[in-house]
Number of protein chains: 2
Amino acid sequence: MKNLQTMIKEQGQVFPGNVLKVDSFLNHQIDPELIKAIALDFAAYFNRSSITKIVTIEASGIAPALMLASHWGIPMLFAKKSQPSTLKNDHVYHSPVYSYTKQTETRISIDKAYLTSQDRILIIDDFLAQGQAVLGLVDIAKQAGAQVAGVGICIEKSFQAGRNRLEAAGLDVYSICRIAALDQGKISFLEEDKFCGQ
Amino acid sequence: MKNLQTMIKEQGQVFPGNVLKVDSFLNHQIDPELIKAIALDFAAYFNRSSITKIVTIEASGIAPALMLASHWGIPMLFAKKSQPSTLKNDHVYHSPVYSYTKQTETRISIDKAYLTSQDRILIIDDFLAQGQAVLGLVDIAKQAGAQVAGVGICIEKSFQAGRNRLEAAGLDVYSICRIAALDQGKISFLEEDKFCGQ
């Protein structure tokens, strides 16, 4: 089975501003074998039985979220960053998400029809840094009266505030790779070689 | 196996301007079983042997493209609609894509590292209407010197110019569902119940 940490070590590139480029396998070009391994790792940690839906944000969260939804046989739902012409304002839940990397605010939205108080969702995303994207999804879940079973992250920048913010909100956060630092182009991990199935 | 045409008949909604809303199963909420069936249908039509990569555009093309890439065990690559901070202008191929629905032009881009003259790509997308998105990807493939093995589409609006434009460019276009008209809220298909595996 492919190992996310090994792929990051071999192909990840560090850019100024604590940016980790992993677009050769995770969020531009995608290695489907790695995405499957990631989905199985999430499936091993979270308890499928109570989860009705996987929720993520376009675009980079879609691949791991879909693969897990496919493995579990439940729907996947991705929040949109721009509102389609077919969705009117009063038909969506929305929340503002600030990106520290891009220094812009995006309004994410989900059709009210697809998230209800009957849902217990698992949130999946490719990166966790400041936690803004996940908190936006949690805000939308709250508006819908849906429960959040947990948060599954591919790559966590553990030197940033995201995990603390999510844990302070009472969320169970599971990250496959936790990065301790991105100093001078070097990537160091909190734990070595932790990856389900290895 | 799930049937895309049945899902469109049961859940598709027609909006003014020839807009077909299928976001309960294809491009907002996603039914992974249907996406698998779609991927198998593409796999049955196209000859996998010569194809090196599946290429699509974020965000709605990602699900079917990933599922086919996973089935075939080859990489998937999605063009970005906004350029990440880690990508400099001279490191990307780009092309303008005009959306008739949104009446806006978007610049799509692909990192030069991931598309070369050694590649023979299959383009996958959720909708074919005027063909602008696919022609943007074909333009990028041409810049890279890559060959285009074909174009696989989930839902084709056959009453619009897309297919003619792509065929005029010498492309092999395969669409799972071909819609003849969206008149007065009614959806009619060119062919009834054509879906691999049914």
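If you go along the chain as it appears here, the first residue is 1 and each next one adds 1.
Backbone N, Cα and C define each Cβ position, glycine as well.
Small disclaimer: the values here were computed from a predicted structure and weren't measured.
What TrEMBL records for B:LEU20, B:ASN27, B:LYS157 is xanthine binding site. In the three-state DSSP reading, B:LYS157 (xanthine binding site) counts as strand. Counting only same-chain residues at least 6 apart in sequence, those with a Cβ under 8 Å from the Cβ of B:LYS157 (xanthine binding site) are B:ASN18, B:LEU20, B:PHE127, B:LEU128, B:ALA129, B:ILE179, B:LEU182.
Residues or ranges marked as 5-phospho-alpha-D-ribose 1-diphosphate binding site in TrEMBL: B:ALA129, B:GLN130, B:GLY131, B:GLN132, B:ALA133. Secondary structure from DSSP puts B:GLN132 (5-phospho-alpha-D-ribose 1-diphosphate binding site) in a helix.
B:LEU20 (xanthine binding site) falls within a strand when secondary structure is assigned with DSSP.
Around the Cβ of B:GLN130 (5-phospho-alpha-D-ribose 1-diphosphate binding site), a 10 Å sphere holds 17 further Cβ atoms from the protein chains shown. Note on proximity: among B:GLN130, B:GLY131, B:GLN132, B:ALA133, the binding-site residues of the record, the Cα nearest B:ASN27 (xanthine binding site) is that of B:ALA133. Over all protein chains present, the Cβ of B:GLN132 (5-phospho-alpha-D-ribose 1-diphosphate binding site) has 19 other Cβ atoms lying within 10 Å.
Cβ proximity to the xanthine site centre (mean Cβ of B:LEU20, B:ASN27, B:LYS157, cutoff 8 Å) flags the following additional same-chain residues: B:GLY12, B:VAL19, B:LYS21, B:VAL22, B:LEU26, B:ASP126, B:PHE127, B:ALA129, B:ILE155, B:ILE179. Within 8 Å of the centroid of the Cβ atoms of B:ALA129, B:GLN130, B:GLY131, B:GLN132, B:ALA133, where the record puts 5-phospho-alpha-D-ribose 1-diphosphate, the same chain has further Cβ atoms from B:VAL97, B:SER99, B:TYR100, B:LEU128, B:VAL134, B:LEU135, B:GLN160, B:ALA161, B:GLY162, B:ARG165. For B:GLY131 (5-phospho-alpha-D-ribose 1-diphosphate binding site), other Cβ atoms within 10 Å of its Cβ number 25.
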